[in-house]
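Quick look at what TrEMBL annotates:
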SIGNAL    1-21  signal peptide
DOMAIN    52-177  domain 'Corticotropin-releasing factor binding protein N-terminal'
DISULFID  Cys60-Cys81  disulfide bond
DISULFID  Cys104-Cys141  disulfide bond
DISULFID  Cys183-Cys205  disulfide bond
DOMAIN    185-306  domain 'Corticotropin-releasing factor binding protein C-terminal'
DISULFID  Cys237-Cys264  disulfide bond
DISULFID  Cys277-Cys318  disulfide bond
Amino acid sequence: MPSAFQFQCHFVLIFLAASKGETRYLEVRDAGEDEPFLLLSEDLKRELSAGQIYRRSLRCIDMLSIEGQFTFTADQPQLHCATFFIGEPEELIMIDYDFVNIDCQGGDFLKVFDGWILKGEKFPSSLDHPLPTSQRYVDFCESGNIQRSIRSSQNVAMIFFRIHQPGNGFTVTVKKNTNLFPCNVISQTPSGRFTMVTSHQHRNCSFSIIYPVVIKISDLILGHLNGLFLKKPSAGCTGVGDFVELLGGTGLDPSKMFPLADLCHSFHGSAQMKIGCDNTVLRMVSSGKHINRVTFEYHQLDLQETENRKENSIEEFCFPSI
């Protein structure tokens with residue numbers, strides 16, 4: 001049975017692509033069978049918790065969920081490479097450059113992106129991130145020694161790089177800091193429970209689950225009354241400053257996903273939906289006037305249930321079922 005982390009890595013590979021003229025986008029033609037992820041055994045986790053520093057080489061396309069020191073050395077020209085970092089929902093990613101040997105004048109680059117970007121789609125979206133897109137990139141060839149330590153704004157970050165000369169490369173140390181008020185999150189697992197809180201802050205927060213899921217909202221505090229409204233052209237939470245929406249789609253950017261349901265009012269109880277999209281997002285929109293809080297749990301849709309729905313000629317399984 002494939003691991004939950006494998007599903008996320010497959011998602012990365014499917015959507016990782018590039019326009020050849022744009023260095024901010026990447027292209028992966030054939031990932032092969034050597035899948036770019038680190039699966040940690042319980043023994044290794046225990047060893048690392050004892051204070052040892054984990055070290056290993058990076059692949060051209062890689063994904064990591066652990067602290068440590070990581071080195072990439074080109075054995076041939078590597079023109080479209082990226083490493084994706086992910087932590088727990090309440091963690092921030094810290095990336096420190098320990099050693100860099102690349103030829104910036106010769107066309108090499110090494111960039112950190114605050115979030116993930118896949119096929120031109122960003123998480124968090126431009127609507128939900130505190131920085132404009134241009135400031136989410138840190139280019140080593142432009143900053144050099146000025147900024148050798150970069151911290152993410154959420155539990156995901158990435159580096160992408162191009163190295164022409166064999167033997168050149170870099171070493172980075174990755175650490176994780178505690179985020180007391182996590183806002184934008186990509187879940188590492190297909191099941192879990194989470195409480196999202198925004199306290200008098202005018203910001204939007206998204207929780208992304210890269211699986212078809214059943215999501216159950218058990219508590220919502222917005223300072224209003226009760227209600228769950230399926231999205232219709234004439235319905236929804238238009239004009240309401242604070243609300244939660246459920247989104248579904250096949251890409252990464254919440255702003256480009258299909259709106260499935262709006263929750264405009266507070267309630268205590270249970271609101272459950274089945275969402276068969278590749279990516280499900282719960283997004284809280286806050287005006288800054290209230291303390292907003294939503295508690296929810298989720299688990300991956302059963303494969304048999306998915307197949308049964310397809311047998312019943314449901315053309316678009318991505319639509320919700322209450």
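Every residue gets a Cβ built from N, Cα and C, even glycine.
Just so you know, TrEMBL annotations never went through curation; they're auto-generated.
Note that the structure is a prediction, hence the values are computed from the model and not measured.
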_For the domain 'Corticotropin-releasing factor binding protein N-terminal' (52-177), how many residues does DSSP put in helix, in strand and in coil?_
11 helix, 67 strand, 48 coil
*asked:* Going by Cα-Cα distance, which of the disulfide-bonded residues (Cys81, Cys183, Cys205, Cys237, Cys264) sits nearest to Cys141 (disulfide bond)?
replied: Cys81
*asked:* Using the alpha carbons only, what distance in Å do you get between Cys183 (disulfide bond) and Cys264 (disulfide bond) once rounded?
replied: 19
*Provide, as an integer number of angstrom, the distance between the C-alpha atoms of Cys104 (disulfide bond) and Cys277 (disulfide bond).*
41
*Drop a 10 Å sphere on every Cβ of the disulfide-bonded residues Cys60, Cys104, Cys205, Cys264, Cys277 and tell me which sphere holds the fewest other Cβ atoms.*
Cys104
*asked:* For each of Cys81, Cys141, Cys183, count the other CB atoms within 10 A of its CB; which of these disulfide-bonded residues has the top count?
replied: Cys183
*asked:* When secondary structure is assigned with DSSP, how many helix, strand and coil residues does the domain 'Corticotropin-releasing factor binding protein C-terminal' (185-306) contain?
replied: 7 helix, 66 strand, 49 coil
*Name the one residue among Cys81, Cys264, Cys277 whose Cα is closest in three-dimensional space to that of Cys205 (disulfide bond); these are the disulfide-bonded residues.*
Cys264
*asked:* When you rank Cys237, Cys264, Cys277 by Cα distance to Cys60 (disulfide bond), which of the disulfide-bonded residues ends up on top as the closest?
replied: Cys277
